[in-house]
Each structure stands twice: as C-alpha cells, then as structure tokens.
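Take a look at the structure below.
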Amino acid sequence: MYRPARVTSTSRFLNPYVVCFIVVAGVVILAVTIALLVYFLAFDQKSYFYRSSFQLLNVEYNSQLNSPATQEYRTLSGRIESLITKTFKESNLRNQFIRAHVAKLRQDGSGVRADVVMKFQFTRNNNGASMKSRIESVLRQMLNNSGNLEINPSTEITSLTDQAAANWLINECGAGPDLITLSEQRILGGTEAEEGSWPWQVSLRLNNAHHCGGSLINNMWILTAAHCFRSNSNPRDWIATSGISTTFPKLRMRVRNILIHNNYKSATHENDIALVRLENSVTFTKDIHSVCLPAATQNIPPGSTAYVTGWGAQEYAGHTVPELRQGQVRIISNDVCNAPHSYNGAILSGMLCAGVPQGGVDACQGDSGGPLVQEDSRRLWFIVGIVSWGDQCGLPDKPGVYTRVTAYLDWIRQQTGI
C-alpha cells in the first residue's frame, strides 16, 4: 500500500521583538485611523447660517411687538424658536442643528413676519444645495405641524455668510457674543472682560481722561448718570469711546449734547440719570452695539443674577483700570437695602440695590454711569440699573446702589424718541 513519505516539519518561531513591533505598529495604525475618522466626523465641521422669514397668518400685529422687552414679543419669539428647535431635534438633522433665534418681528399687512436666523454644523465636504434642500424639507414638515401658529407654507430659506448672520443679530438690541454666533456656550467668566463681551459699554472721557461709564441704547444715545456731569457738562469737553481698553479704544465718538434730569438732587442721589447725544450715529458691529431698554413691567426679582461692568477702581480710593472688568452680583430688595444696618431708609423707589452679602464684588469710583444688566430667557441683555452711589466699595451689607431704569422709561423716551 502506498504511503506518502513522512515529512518532518521544522517548527519555526518568530523573533519576539518582531512580534512586538508588528503588534505595536498595528495598534498605532488603528489608533491613527480612528483618530482621523473621529476628527473628520466630529471636528472637521463648519458652521452654516440660514435665514428664513415666516409669515404668521393668525397673529395680528400690535405695538407690543415693536420691542423685544415686552412680554408679548418674548412669548411669540419664544414660541417660534421652540417650534423650530423641537422640529429639528426630532428630525434626521438633530445632530447638525445648533440653534435658532428670532432676529426681528415686523408688521406684514395686518399680520406678523418673523425673521429667523438658524445655525447648523455640517462637515466641510457637504454640498451646499443638498444641505439647503434637507433643511427646507424639515421646515416643510414643521409648517404642516405648527400647532396653533398658522404659518404661510411658502417659506424659503437663504444661506448667510457669518458676517451677514452677525449683521442680522446685532441690529437687535442686547445681543451678546454668544447670541451673535448662535453659540450654545456662555462666554462669561472671570473678572476681566473679553473684547465684545459687553458691546454697549462706553467710556465717557472728560478732557480725554476716563471719568464715567455709559451704555449705548441706540446708535445715537448713551445712557449714564447725572452725577458724572456735576463738575462739567460742556459737550465740547467730552468724548465717548468703545472697546474694552481705555488706552487703545476701538472707536471715538464726539458728543453733541448732554441732557441731565431736571430733578436730579445730588444730596439724596434722586433722579441720578442723564443722556448723552452723539454728534454722529454709530455703525454697529459685533463688538459695538446697543443694550435693550427694559419694559416698565419687567420683573427684577431679588436674588436674581446681574452683571456690572466698568473701568473703576478695584478698591476704595484706588485708581481706575485700563481694561474693562465685569462683576457678578445679585439683586437685593429695597426693603433689605433699607435696613438699619445697611442704608437705613436712604434707598428710594427710583433706586435699585445689587451686590453680594459678604461684600467684595461691587462697582467703585470710575464705574459711575455704567450699566447693571440682566439676561432674559432668549439671551438678550437688558439694562436694569445705572451705577449711582454706595458706601465706599464692596463692604458687607453695603451693596452698590443703582438708578432703577424702569422708573425712568418715560423720561428716556421723551428725550430721545426711542
């Protein structure tokens, strides 16, 4: 019987160093491949902005929709933003959709038209026409399921450059840097402000030296404190500057007129409010634009967060600082502020207190006239106070005292026509 010859096999072993090298090389190649894949899927993305104009067929326009400060404006804008957000978060674009913001409500016949800016993130190699088509498809679903908001179904979207999107958003008052970029992240933090963090803040300079703060409330008017002009109210001696640095400002503005409240009383700090009219209108940018005036009925509850900004001294009798600083404080009720151990009845109805119980965070010399602001649910900023007076700076139970802006809205409108 035929039997194949037995072949003697020789065992061969790879060098352990070679094995180790192959394993390590394989792991490295795999790691690099995964890293590149993660990068291109998660990080190699670009932001894209789109604008859509929604015609609301069953909402009648009225004067309360003129200002983002009114509850009616906030409610309607919030409903539209929530509807858009919910629609995209439940769609196949849930991971690409970032945020939507109503930039403006305006009259359209007897109805309302809402101009909305939306932000998405797609990988860079996505086709623009394809992205737009996908977004429009989702919006059409929304228009068919818009609840009790009747929206014209012929709505279309327009692609915007980053600058064009910013231009839409800065024309609305109170837009901070996170709103202008439609970012989901807050930029606040620390005590030294970043450029553009508080774009309405101005420095009022007497004979070219920083003297007081102020706030742009439109492109022609600055809101500030009356006591800033006790020594000199000649407009020719004043200029206003924008930017976080008083040494290297971004913009210089000449002053045409200074309007001080007729009933300002320096002894009691009553009616400590003034307006500065500029010689020329300001062209708004992402770093320079106005803060919102509040509605007369705006709620400013005790304990709520507010921010005060300025170039004032960091301690009582200290020197002003060249870079803008910010401080987080809490609103304090007038009853608490009027307690015997605090201001013992000196806080009047046209005043507002803010600080921290233990002291340490406060406005100080050089901050006078600057803004105390709060952010609403739509991330718009409103000026609720004007730095007015206080007992030294940052003492416990001696918070900063501010002019209550809601008490002077009629006066502001009479002077400015805003």
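Each Cβ is built from the backbone N, Cα and C atoms, and glycine gets one as well.
What Swiss-Prot records for this protein:
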TOPO_DOM  1-20  topological domain 'Cytoplasmic'
TOPO_DOM  42-418  topological domain 'Extracellular'
DOMAIN    46-163  domain 'SEA'
DOMAIN    187-417  domain 'Peptidase S1'
DISULFID  C212-C228  disulfide bond
DISULFID  C337-C353  disulfide bond
DISULFID  C364-C393  disulfide bond
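Everything Swiss-Prot records as a feature, shown here on the structure.
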residue : record         : Cβ within 10 Å
C212    : disulfide bond : 28
C228    : disulfide bond : 26
C337    : disulfide bond : 24
C353    : disulfide bond : 26
C393    : disulfide bond : 23
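Between the CA atoms of C337 (disulfide bond) and C393 (disulfide bond) there is a gap of 15 Å. Secondary structure of the domain 'SEA' (46-163) per DSSP (helix as H, G, I; strand as E, B; remaining residues coil): 41 helix, 41 strand, 36 coil. Recorded residues C212 (disulfide bond) and C353 (disulfide bond) have their alpha carbons 19 Å apart, per Cα-Cα distance. When the alpha carbons of C353 (disulfide bond) and C393 (disulfide bond) are compared, the span between them is 13 angstrom. If you measure from the Cα atom of C228 (disulfide bond) to that of C393 (disulfide bond), you get 17 Å. Regional average pLDDT for the topological domain 'Cytoplasmic' (1-20) in the model is 50.
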